[in-house]
């Protein structure tokens, strides 16, 4: 027979029982409510009217989160493993800011870390397929990470170089007040964001900016090309037009042949 | 023999008779005229002079649209099916705003929904090929929709997180007046739009913005890669442009030839 | 023996003789000089000092261009064909603005059409390979033109719709002074240009803008995907991994086989 | 036995001994320190307080770099080859600005060229793989360089043309004060940077800008497509991830197998 602790563990950590699923959905609603309150608090007009309510609600939610954290800790068999797991750290960091706000004014907004708790949504909804998609995207990014590091190194060198040149050309009077600020401008331009809070005014500066923009135009092609090729690799259908997975070998069960194959490439058995 | 109702039905819903085609083209012209009037009305200088004319024309067009809606309803055999079809709803929503403007001032601009009626243009011009292209694009987007959901979820999490951080770092005095507004800034930056109506002023804020921009630079690669791979899948020609797998060799059974092939490349037998 | 007319024709239209090449290079230098003068004239500080010189130089260059046009006309055998050819029209339009500026002040800047004469550069430098590249790019764009039309139609519908919505939500006081101007804002946002001359101020407006930006983020993937797939089609090496152009058939000379081919697919002859 | 010169050469130019590696790492730290000082100097508030310290540190580092340059020159066997090599020139240009700043005020910031010395980082960390990635990216860009030249030529022609048109349409009073400045605006728009320091105000100007933006939207697809196709070519794995053409069947001569194949798919013979 299950002890209360074991039952609770199943409800809190599991998603395979109705109670477990209900618990997780309630938790997600609480998290979203908590983030919404945090956002509304930051809007002055709304906060002036509802500050007292928000204050109470926030403490209630933090209290519930604290109880939940205690229960998770109590019902875990391997306590240290939970505490130092990804979600264990997030769970702790989600309740700390409210307590800290007693001592440090302003630290409350750090409670935004709760948004990371929403990542549980994948587990709750048993979105295994979505997790698969996410991991595919992750792998595509990971396997081109070396190329991306080289690319970023190049972007940084170009930005530092062009930023300093613009600092010399445009100078303080045109908004390029320091080299770090000029580098900031170079990245704003190279990434095609272009706020326009700093913009070149001299003809020479505008000419250099023009070259930087066209470079940025070409540069944007590099990460896109890298990720596309990686994604294409992952997608066998797209890029193995001569492959055939519809025939299975009678002898070894292998179903990954070339279209033209007459014999199984695993065991040499003739294919139908 | 056809009744008047049947004849009208063929004219209004069909595009295969000269009358039916003429009806649809007249309708398209009316829709474009109606949208043009709506636009011109919103330009103060033009409206001051022509307000009376616009008012009359708008009521005439709405009247015609109302008659058309009535005829469509009358000639339809399955009335409820028409009313709740995509175009049925658009047709109704296109005439309502003008009538509503009698009671609610300002609701008139909602008549812009008429722009959706222009989608009929594909049917009228019998642009089957264009429809095919549109549906291919649609399919490419649809089959990568799961990946896109994961991607958007990631974008939202990053925006909420960075937005709140910037609210803490930059604060009200630099334009980051609330968390929702800071999140708005984060998305403006991440999408490389970069209005510049809000821009970081502190060194720390600019440094964080820089990282966000470079991230956005890389992120833009993900939907592009996804759509490209999907489009490449749809386009089998793209991946083996000269290949042909529809003909099988009578002698050796090989079905993987070049399109231009006259003889089997495996056994030299003539192909049909 | 060649007449003077024939000799001149060869010099002016041909690029295969030293004189013909020299003539074309001199022409290109004149065109660049003419455009540079036009640009410098528009800079107030420079023009104040050099106006008289620019005026003279411009008339001299226009005079030379007029003489050249006369010679081209005289030496052409099929005069009407030249006059209505692409370069014939450009040549005429290049000299007209200077003459028109006698009657209409300000029309002079139209002489910028001379920039199109620079397209001759490809012919002069015999950049056949570059022409090939240009035509490949052009074909890639052309063969995806139907998809691009559908895509642009979609962009226009979205822009008109969102633009009008923003006009209703934000209104005149926030810069959305008319529907056409709001549509302009929508395209500025959707294309991720983001000037920031008009920007939403209300929370609802910013929320809608956010959705539009994320849409634009995804939309940019569509033309990129289309062009990439088209370019990939053109590049046989990239996408026909099973192709082989290194073996030539002894019998018919065909050199485009599959890697695995044992017999020529054109004539059935055995390959080495 | 090695002379002092030979030992020093191995330390300074080599990275295979602990001393050689230590030397290079110390050098990299010095370079980063030097660039950091240069950046901090340009921030007025910091410089006011620490100017004297920065001045001393900068001269110390420049002194060390000068000694290093002398040693490199002395220990090189082929002195002229080193002086005119890429790193030889960078090493010299890195120390010159500080000496020049005695004579020319302001020339000091040119010392930013030291950032290029950081490229040694690849050699020091023996990042052969990273070098390989960098060269692959470089090759992809190089082999599409002809297409990119044609593309840039097209971008320049469009920018000059549209820029001049906007100068005529919008005129000086709306910020389009000269043709070069209008061309600058056209490139800012076409590259989707969009500072907003210059923006069209008239309806006609906004309409033309709209067309330019949509063009830029499509244009961005071209370099992306080119680089993607080139990268895909370089990555043979991408295009036939499971294929293997290095093994030939002893019996039938077929060389087109899957990587994992143990038996020939054509004749069933065991593969080596």
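Glycine residues also receive a Cβ, built from the backbone N, Cα and C atoms like all the rest.
Automatic prediction, not curation, is the source of TrEMBL annotations.
Annotated range for transmembrane segment in TrEMBL, selecting from C:21-40, C:121-140: C:21-40.
Note on TrEMBL: of C:207-229, C:230-252, the range annotated with the feature transmembrane segment is C:207-229. Residues 140-141, 144, 147-148, 151, 155, 158, 162, 165-166, 169, 186, 189-192, 199-200 of the same chain sit 6 or more residues outside the transmembrane segment (C:207-229) yet have a Cβ under 8 Å from a Cβ within it. Mean pLDDT, taken over the domain 'Ion transport' (C:23-233), works out to 82 on the 0 to 100 scale. Counting residues 6+ beyond its ends, the transmembrane segment (C:83-105) has Cβ neighbours under 8 Å at 58-59, 62, 65-66, 68-69, 72-73, 111, 113-114, 116-117, 119-120 in the same chain.
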